[in-house]
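Asks: If you scroll down you'll find the structure; I have some questions about it.
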Amino acid sequence: QKMTRRGARRWTPSASSLLVLLLRSAALLSAPSEGRPFRGTAAEPPSPRSHARARGLPRVRGGGPSSPYEANPNYQGFRRDDGITTLGDLEGYQQPGGQLQRRDAVRREGYESSLHEYHNFGSASSASRRPRPLTEVIAEFFANLHRLSPTLYYGSLSSIGMFLLWQVPPLSPILQRHFVCSRQNTLRRPHSLALSALSHASPTHLFMNLYGLFMFGPHVARSVSSAGLPLWPFALGAALSASATFLALSPRGASCVGLSGITLAMLAFYARSYPSRELGFLVRFVPVRLPAEYALITILALTVLGVLTASRDGVAHGAHLGGLLFGAGYHELLAGGGLTHRRPWDLR
């Protein structure tokens with residue numbers, strides 16, 4: 001040891017100390033031991049057990065040959081043949097769909113499936129695959145509709161059949177007397193108040209009303225059936241309310257047909273049940289989406305405006321108003337417990 005100019009000690013190795021260090025290094029390299037590879041072989045990383053032994057940690061029973069952790073033999077999540085015995089062995093694994101797979105295998109499978117779909121897109125096999133026959137799809141739809149609600153089933157089929165009968169000219173005089181709502185028909189044939197709902201003026205008129213019936217009708221059917229009530233009193237009441245309101249607010253000589261009163265009653269019932277759900281409309285070919293409550297308020301405001309201005313746009317605003325009021329009132333009675341299967345006005 002020598003002293004520097006600033007007074008700090010600096011160590012200078014001697015020849016004898018260097019010789020001792022070289023001899024010890026040669027002895028360590030020539031004698032193989034556990035955890036140290038022979039010369040000429042690839043070096044392996046130290047195992048967790050050797051790390052634990054170096055840190056003085058207590059050895060733990062079980063585990064793999066290179067793990068200080070113990071595997072739980074009673075755990076049913078993994079199998080021994082998966083090669084997963086310790087927590088450390090979970091490295092590189094993930095669990096999609098309840099089954100452990102290596103991440104690289106999952107990525108490879110996802111890439112292969114995507115590549116398969118890319119090559120098969122537009123191929124002859126997928127392009128030549130024909131859809132189900134249209135008649136089979138329609139038959140299945142009406143079968144499901146009949147199981148859900150016979151009222152919707154027979155009401156929709158009756159409307160389609162009535163539209164076909166209107167296309168036969170010799171039947172027009174009979175249909176005009178019994179299936180059109182007007183003051184003259186009501187005084188002589190009161191059943192025209194309800195039967196006029198089955199008639200439609202055009203294919204578009206029929207399609208729009210059936211669309212509303214299939215869109216809102218299933219919800220109303222499930223709601224009233226949960227209270228022990230059938231759907232047909234709701235449909236009959238909506239038709240009568242729509243026709244009566246139309247006759248009360250329309251001038252003499254006016255007439256109306258269609259399921260609009262019933263479909264708007266179902267829309268009002270739906271909007272009162274789910275006010276936050278969005279409904280989509282086409283306004284002059286512009287798609288508009290509104291919460292059901294806002295849609296109900298908008299339709300009600302336009303209907304009242306049409307009644308007050310006596311609009312001559314060919315729309316029975318009075319019938320629409322009667323249907324909206326009936327649907328909203330029916331929902332309030334049902335939600336308040338005023339309609340149950342024990343009430344005397346339940347015609348079930």
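Even glycines carry a Cβ here, placed using N, Cα and C.
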Asks: Given the ranges 132-151, 192-211, which one is assigned the annotation transmembrane segment in TrEMBL?
Replies: 192-211
Asks: Using DSSP, tally how many residues of the domain 'Peptidase S54 rhomboid' (192-331) sit in helix, strand and coil.
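Replies: Counting residues per DSSP class in the domain 'Peptidase S54 rhomboid' (192-331), I get 95 helix, 13 strand, 32 coil.
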Asks: To what whole number does the mean pLDDT across the domain 'Peptidase S54 rhomboid' (192-331) round?
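Replies: A mean pLDDT of 92 is what the predicted model shows over the domain 'Peptidase S54 rhomboid' (192-331).
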Asks: Considering only Cβ pairs under 8 Å, which range in 231-249, 256-274, 294-311 makes the most contacts with the transmembrane segment (192-211)?
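Replies: Maximum Cβ contact count belongs to 256-274.
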Asks: Within the same chain, where does the transmembrane segment (294-311) have neighbours whose Cβ lies under 8 angstroms from its own Cβ atoms, ignoring anything closer than 6 residues to its ends? I mean 6 or more beyond.
Replies: 249, 251, 264, 267-268, 271-272, 279, 281, 317-318, 320-321, 324, 328
